[in-house]
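Take a look at the structure below.
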Amino acid sequence: MRLRNTVALLLTLGFAIAQEGPCERFQRLPQCADSCVSNYVGSDCPRTKGFVCDSEYGAIASCFEEQCPLEQYLYAMNITTGVCDIPPRSRKTTQIGVGAAFIAITTIVMGMRFLGRPPFSDSFGIDDAIGVLTYVTAMVDTILMVQAAREGWGTDMWSLSREQIIHLMKLFYIGIIFFYFSVAVSKLAILYFYLRIFTTPSFKRVTYAVIALCATWGLAVVFQSAFNCTPAWFYWTRFDGVSKGTCLSYTAFKIMPPINVALDVVVMLLPLPSLLKLNLPVAKKVRVISMFSVGILILVAGTLRLTHLYNSITTYNITYNGGELSYFGVIEAQVSVICTCMPAIATLLKRVMPQWFASRNGTRYGTFQETVSPRRATFRSSANATKPTSGIDEDDIHLITVLSDESHLQKPEKSASVRVSR
């Protein structure tokens with residue numbers, strides 16, 4: 001309530017304050033802020049202005065944030081930046097540039113994905129459908145960020161009107177929901193891709209468990225973001241000077257992002273043991289593992305966002321620092337989309353550049369069998385490589401599951417397939 005009253009007061013007194021000189025405007029500082037400049041403000045106003053604005057502005061601004069509650073901090077910063085003729089800072093250019101670049105890049109990547117696995121084709125699976133959902137939600141988040149940047153998101157909060165703050169907080173509220181939904185379903189898309197290519201029972205059990213974990217986290221974080229305040233719309237109407245409600249402490253937001261990064265690590269490492277068992281030529285194995293390791297990009301993006309999160313959610317300058325948080329979120333969401341597209345793009349590249357994916361003997365297709373001894377399991381390449389039958393993608397590699405026993409070997413009864421780009 002006090003913050004909303006202060007925003008209204010800023011609008012009411014803004015014109016009058018603009019007509020006053022530096023001394024009179026310094027005298028309007030709230031008591032908490034006055035203590036920060038009392039050592040510098042004297043009878044010599046020109047000297048005071050130059051000293052405060054040129055030498056001690058950073059220290060005084062930090063003092064405002066330490067000594068004053070939010071509403072008085074905004075009021076003090078509005079006066080001080082006006083006296084010092086300091087224009088409001090803005091991250092508009094960075095936000096729009098990041099958003100526009102990723103909209104273009106991700107759309108091209110998504111088009112390549114559709115060329116690799118056309119929708120409604122036999123090769124179009126659950127992971128592809130979830131990947132499309134990831135793309136749509138990430139695009140909504142990105143477009144909202146770009147629009148918010150055009151309207152003032154990423155600008156110092158004390159330079160914005162009450163109506164601007166309310167509108168921008170509404171856009172941020174919607175965008176954060178789409179962001180968390182996008183990064184959650186991107187994990188599911190990758191995990192369902194694993195199920196497409198690794199069909200051993202033990203791996204499937206572990207993968208389904210991770211799917212359940214990621215889905216639970218996704219529902220929890222989306223629910224938390226949507227109902228952070230009671231009522232939900234109080235998230236942005238709290239600045240209108242009229243609405244009443246309550247919001248969760250920022251402490252609640254410190255839990256979910258680290259879990260997000262931890263889940264990214266789990267998803268990235270999940271197929272590694274199976275991949276290391278592949279008995280392939282070094283160059284081919286590097287290509288295979290590289291395709292699965294693109295998840296490192298998601299991990300890097302998520303870590304970058306995490307490092308900026310705590311400063312953004314605990315700051316008084318919500319709209320300015322929130323701009324930085326927004327474009328790091330866009331990077332994470334869009335990189336997640338790109339990573340989910342890589343397997344389908346590998347299929348496309350195999351069709352376009354078959355010579356690069358060919359084996360040493362010039363054959364494009366190979367059969368890989370898993371042979372298990374009592375002590376060790378390996379993957380070996382069959383010498384008689386044949387083209388897959390109709391209905392099976394070009395990047396299929398057949399595996400024969402062999403049951404191991406300490407006393408004897410049993411003939412395999414079932415076969416499983418694993419897809420990799422060769």
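Note that the numbers count up from 1, one per residue, in the order the chain is shown.
Just so you know, glycine gets a Cβ as well, placed from its N, Cα and C.
Heads up, TrEMBL stuff is auto-annotated, nobody curated it.
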(message) Which range is it, out of 68-87, 288-307, that shows up in TrEMBL as transmembrane segment?
(response) 288-307
(request) Determine the mean pLDDT over the domain 'CFEM' (25-85), rounding to the nearest whole number. (result) 76
(message) Please tell me whether the transmembrane segment (96-116) and the transmembrane segment (206-235) touch - that is, whether there are at least 3 C-beta pairs under 8 Å between them, with each pair 6 or more apart in sequence.
(response) no
(request) Sort out for me which stretch, of 255-276, 288-307, 327-349, has the most Cβ pairs below 8 angstroms to the transmembrane segment (206-235). (result) 255-276
(message) With Cβ-Cβ distances below 8 Å as the criterion, list the same-chain residues six or more beyond the ends of the transmembrane segment (288-307) that contact it, or say none.
(response) 183, 186, 190, 257-258, 260-261, 264-265, 267-268, 271-272, 275-276, 278, 280, 325, 328-329, 331-332, 335-336, 338-339, 342-343, 346, 420-422
(message) Let me spell it out: take the transmembrane segment (327-349), skip the flanking residues so only those 6+ beyond its ends count, and list any with a Cβ under 8 Å from a Cβ in it.
(response) 91, 94-95, 98-99, 102, 105-106, 109-110, 112-117, 123, 127-128, 130-131, 134-135, 137-138, 141-142, 145, 175-176, 179, 182-183, 186-187, 189-190, 193, 291, 294-295, 297-298, 301-302, 304-305, 308, 356-357, 393-395, 419, 421
